[in-house]
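K.L.:
In case it helps, TrEMBL gives these features for our protein:
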DOMAIN    A:19-432  domain 'Cation/H+ exchanger transmembrane'
TRANSMEM  A:7-29  transmembrane segment
TRANSMEM  A:35-56  transmembrane segment
TRANSMEM  A:93-116  transmembrane segment
TRANSMEM  A:136-155  transmembrane segment
TRANSMEM  A:207-228  transmembrane segment
TRANSMEM  A:248-275  transmembrane segment
TRANSMEM  A:295-312  transmembrane segment
TRANSMEM  A:333-354  transmembrane segment
TRANSMEM  A:374-394  transmembrane segment
TRANSMEM  A:406-426  transmembrane segment
There are 2 protein chains.
Amino acid sequence: MVLEANLASVHAISLFVVLLCICILIGHLLEKTRWISSTIIDLVIGFSTGAIILYLSKGTSSLLFKFDEQLFFNYVLPPIIFNAGFKVEKKQFFHNFTTIMLLGAIGTLISFIVISQGAQQLFKHLDVGFLDFGDFLAIGVIFAATDSVSILQVLKQEETPLVYSLVFGESVVNDATSVVLFNVIQKFKLTTTVVGSTVARQFVGDLVYLFVASTFLGVIIGLVCAYVTKKMCFGRHSSDREIAVMFLMAYLSYMMAILFNLSGILSSFVCGIIMSHYAWHNVTANSRVSIKHGIAAMSFVAETFIFLYVGMDALDVERWRFVLHSLGTCVRVSASLLGLVLVSRAAFVFPLSFLASLTRRGAAEKIGFRHQILIWWAGLIRGSVSLALAYHQFTTSALTQKRENAMLITSTITVVIFSTLVFGMLTKPLVWVLLPSSRKVDNNNESPEPTTSMTTLLGDLGLPLFSNGKDSKVNMTCNLARRSILRTFITTPSSTIHFYWRKFDNSVMRPVFGGNPVR
Amino acid sequence: MVLEANLASVHAISLFVVLLCICILIGHLLEKTRWISSTIIDLVIGFSTGAIILYLSKGTSSLLFKFDEQLFFNYVLPPIIFNAGFKVEKKQFFHNFTTIMLLGAIGTLISFIVISQGAQQLFKHLDVGFLDFGDFLAIGVIFAATDSVSILQVLKQEETPLVYSLVFGESVVNDATSVVLFNVIQKFKLTTTVVGSTVARQFVGDLVYLFVASTFLGVIIGLVCAYVTKKMCFGRHSSDREIAVMFLMAYLSYMMAILFNLSGILSSFVCGIIMSHYAWHNVTANSRVSIKHGIAAMSFVAETFIFLYVGMDALDVERWRFVLHSLGTCVRVSASLLGLVLVSRAAFVFPLSFLASLTRRGAAEKIGFRHQILIWWAGLIRGSVSLALAYHQFTTSALTQKRENAMLITSTITVVIFSTLVFGMLTKPLVWVLLPSSRKVDNNNESPEPTTSMTTLLGDLGLPLFSNGKDSKVNMTCNLARRSILRTFITTPSSTIHFYWRKFDNSVMRPVFGGNPVR
């Protein structure tokens, strides 16, 4: 083609696509060695490419293009979050709902307070430069945001079903809470430590409003999509239309939330849950398979993209020029932030897990100390959301103009890479040490068959939220979940709510919005 | 979210997504009335939205955003073209290969020469302003580019299999020829009518080089993808990886071509053919369904997007301000261009069809006069490629700065809308008049069942390139094609090539690159 003006972007896109392919190939080859997650591979390949570009450009740049928040928030994040909602195990999620909300919402708030207060105290003793109160609050949010992507890669559902469900659920609520918190902080633009009670009340009010409104928006768009797909029977003429409508509506749930100043993350996550519960069952078999795998593949590419970029960005020359002048300070800042991450997470995981255990009946339901340690550990990884928020707070169009800003970006990248590499790699050994029984499950799982058979495909259609090409194991989990619901229905009131919801769902919701008739 | 700077784009994206959903819904509701194709619906909805925006903005703008060539060529066009290659009926396509190449390559060249020469003569008598020789050549290409999208919407394969195959195949080769021609014209930047023989020879040389190199690149990337998917067995661990790799490689075939200054359209079309022949058969059943429908849905959304945009753009205020001063001239220019489109297509369809008929044995193989009229008529519609090329030639960052440029953009839009509306709507009655037998097929096809059954899904997997949810009919076509291949093998030499290719394919290519083993 002739469009010379866009040749630079063509270069960048082509190289990025090639790198993505390489990441996928190597990730596949190293799939069995779970010590190295594909996140780590992406980081290493990104870093190496950055080094090569840096060498070829004779030290002027390691990047193909500058970080573009808009690209990240408008295009890369939505598929990841929607996919998380779409494939969440609804039964497990709602079964552990109170615990997940405790850890995800209250826990994130505690973590946020500990980190921002801790940073304010610690940074006094380090030569960081001037940061106002709003900056410290932002630091609190940035390092309170866990990385749900990496968590899914290091924990396996079959090994530790309870921890997996809690940590994954928590990480999604945490994503939403962090972004909502960040929005509110940005809105109030607090520069002094003195915060009046009116401001504090407004702050909390906004937080609650954002949570409720975003959830509501996600539910509405999900239900509209379900109603439309049920009434229109698109499949009669072409499956393209129903696939297109579902993808577009999913994206709409994110963009509309942003348009109304709500949390796109929460809204599209909720929309994903609703769509997988109703709309997904209204479309043809072909479309169902395509939508499920299409969204998963998009999310997968988006995740790979993020870590590739972070790997490249770690070598950003301009930023290092600032940082190298005060390398010692930078190391100290990164180390204290890492320490705060460890402490702040401990500060809520252990007390809140204890609290949650009080409301949970039966020994199997209690969260034991070993499980608490795992929950604490698995949520230590920091990732894409932290980075995106840090870029947003401390850069102006991705150029770090002040020394302290450059330092904080570098520290964020350091914490992200360190936590991904070290904490991520140590998770599997830790699971083995703490839960020796899990090793057996893992060994059984060593050589799964290629999922080419028709049975898998049929399984995929029948068991939307439990299937992953390992049907037998999945059915087991499914049965377990059913049994425990029956038992808890007798012992705890939360199951009563679940029972009435099921009744309401079957008699009112499903006839209108569609959904799987046999449950 | 808080990113205020990007709120304008969030507005635009949200509105566009909503509009796309509305187009899909209305398109579905009006599916049965084939007088109104979904292209027309998109145009009308785009136009109406443009009018509303124009009213709300008090006459300052009808657009949500300015036309961005980069967006169009880098993101919107690739899925459409790749999908065309992926779903092309290879047997039909290669069976009619010579005829298709005659019409698509030689025909487009004839059309290009007639239009550019005709425009040069006619515009002398109209008050158009100054246009250099390069502009006239560009006009020739712009109006020689047919619209494969609309053609597929107005012709149905079951009614007129021969015409459908020829016109569709021709339109794809035409797309590629037009873009290649346009590239070469831009490269030479011809300003005078006097073209030396050296330049002419270079021109032809470049044309041949672009054709061969682009095809070669598409084949290579397609084969690499096939080899990788065959060797790696991605499906063993996750179907996300194989879906991602195929989509990324498909996109790569387009971007790499642009990077090497080749034709992305031709390259990704060829890559689509190769991938559907080899790589598609190497992946798991789930991935096969997802890839096929995913690409089709993306292509569908991209097409809808283009016509929505064109509808909105028709009301561009700035351009109309230029044009209104000389409305008479503008109408005359549009009318003469439309006339040239009609004449130039007649100038190659009838002689070349006659020529092609000479090489085709058997009465069923001959292209009768009625079919020739249909071929001529179906290719009259001008669409997205014409528009994209026109924007590229006559605008600088989508602002029409000269009066003649504004006039030519407006004329292009007029021709596109007129041909889509009028020629598109009249195609069905014309088919009925010329081929009364087709009416029967159409009536049988009135109420197809929803394709929810497992049989369709299985059919989808077994018969990749012929299935469309109408298996019985599809099998018939398939058998017909087989029979005619056997017959033509005895009578014509082209089938001998096909025979040896089949042998080579089965003994050398398939063992290495995979592919459907049972044929």
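Backbone N, Cα and C define each Cβ position, glycine as well.
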K.L.:
Near the transmembrane segment (A:374-394), which residues from the same chain, at least 6 beyond its ends, have a CB less than 8 A from one of its CBs?
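P.N.:
Here the qualifying positions are 39, 67, 69, 72-73, 76-77, 80, 103, 135, 138, 141-143, 145-151, 154-155, 160, 163, 166-167, 170-171, 174-175, 178-179, 182, 303, 306-307, 310, 341-342, 345-346, 349-350, 353, 367, 400, 405-406, 408-409, 412-413, 415-416, 419-420, 423-424, 426-427, 430-431, 434-435.
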K.L.:
Could you name the stretch, out of A:7-29, A:35-56, A:93-116, A:248-275, A:295-312, with the greatest number of CB pairs under 8 A to the transmembrane segment (A:333-354)?
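P.N.:
When the Cβ pairs under 8 Å are tallied, A:93-116 comes out ahead.
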K.L.:
Which bits of the chain, at least 6 residues beyond where the transmembrane segment (A:93-116) starts or stops, bring a Cβ under 8 A of a Cβ in it?
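P.N.:
Same-chain residues near the transmembrane segment (A:93-116) but 6 or more away: 136-137, 139-141, 143-145, 162, 165-166, 169-174, 176-178, 181, 211, 273, 337, 340-341, 343-345, 347-349, 352-353, 355-356, 359-360, 367, 375, 481, 484-485, 488, 494, 498.
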K.L.:
Same-chain Cβ contacts of the transmembrane segment (A:35-56) under 8 Å, 6 or more residues past its ends?
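P.N.:
Answer is 15, 19, 22-23, 26-27, 62-64, 149-150, 153-154, 303-304, 306-315, 317, 383, 417, 420-421, 424-425, 428.
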K.L.:
I need to check the long-range neighbours of the transmembrane segment (A:248-275): which residues 6 or more away from its ends have a CB within less than 8 Å of a CB in the stretch?
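P.N.:
Those are 73-74, 77-78, 81-88, 90, 93, 172, 175-176, 179-180, 183, 210-211, 213-215, 217-219, 221-226, 228, 295, in sequence order.
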